[in-house]
Amino acid sequence: MSGQRVDVKVVMLGKEYVGKTSLVERYVHDRFLVGPYQNTIGAAFVAKVMCVGDRTVTLGIWDTAGSERYEAMSRIYYRGAKAAIVCYDLTDSSSFERAKFWVKELRSLEEGCQIYLCGTKSDLLEEDRRRRRVDFHDVQDYADNIKAQLFETSSKTGQSVDELFQKVAEDYVSVAAFQVMTEDKGVDLSQKANPYFYSCCHH
């Protein structure tokens, strides 16, 4: 399997305004856009190529709408996902409760999907610790219970963003190394949505 290309479908889930799009912008474009984002309708797609060992990994990232009215549509996008980054706002306790909803959805519909819990806007806590509304230890206990990994991130400063996506890729490659793969089972990069590709592999 040396030098094999690996495609991984990754879905971003979470309540609206938790910062899913900002997270993707920071990872793919290494930028933080100031000002209000236009709400995602349905889902936005972007792909980024990276290297894990001697493998070329393409993360196909689906940034789904957080509004409850798009719930049914979101299910279309996370079908077949190998990894899900479930986001919540560290300053909004209701967003963590909403994250639990998405975890239940994934567990019932995509049992093989690896879940990563992602607390966002950690920079706001650096400014004022009293703004925290989601206790780290409570989330860690929950993550342990559902066998998920936990990251607290800031799209503004870039804290732990690259580490999160790197871990997603490394975990999938590790799992793939123990499986007999006769064909690509990752994201179909020909799907509609005007895919854009960004590479961080350098030869």
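These residue numbers are counts, starting from 1, taken along the chain as shown.
Just so it is clear, glycine is given a Cβ too, placed from its N, Cα and C backbone atoms.
Noted in Swiss-Prot for the protein shown:
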{"type": "BINDING", "residues": "G19, K20, T21, T40, G66, K121, D123, K156", "note": "GTP binding site"}
{"type": "BINDING", "residues": "T21, T40, D63", "note": "Mg(2+) binding site"}
{"type": "LIPID", "residues": "C200", "note": "S-geranylgeranyl cysteine"}
{"type": "LIPID", "residues": "C201", "note": "S-geranylgeranyl cysteine"}
{"type": "MOD_RES", "residues": "Y17", "note": "phosphotyrosine"}
{"type": "MOD_RES", "residues": "Y172", "note": "phosphotyrosine"}
{"type": "REGION", "residues": "30-45", "note": "region 'Switch I'"}
{"type": "REGION", "residues": "63-80", "note": "region 'Switch II'"}
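Put simply, of the recorded positions Y17, D63, Y172, the one whose Cα is nearest the Cα of D123 (GTP binding site) is Y17. In the three-state DSSP scheme, D63 (Mg(2+) binding site) is classed as strand.
Closest to K156 (GTP binding site) by Cα-Cα distance, out of the recorded positions Y17, D63, Y172, is Y17. Over all protein chains present, the Cβ of G19 (GTP binding site) has 28 other Cβ atoms lying within 10 Å.
Of the binding-site residues D63, D123, D63 has the largest number of other Cβ atoms within 10 Å of its own Cβ.
Of all the binding-site residues listed (K20, K121, K156), K156 has the fewest other CB atoms within 10 A of its CB. Fewest other C-beta atoms within 10 angstroms, among the modified residues Y17, Y172, are seen around Y17.
Using a 10 Å Cβ-Cβ cutoff, T21 (GTP binding site) registers 20 neighbours.
Between the C-alpha atoms of Y172 (phosphotyrosine) and K121 (GTP binding site), the distance comes to 26 Å.
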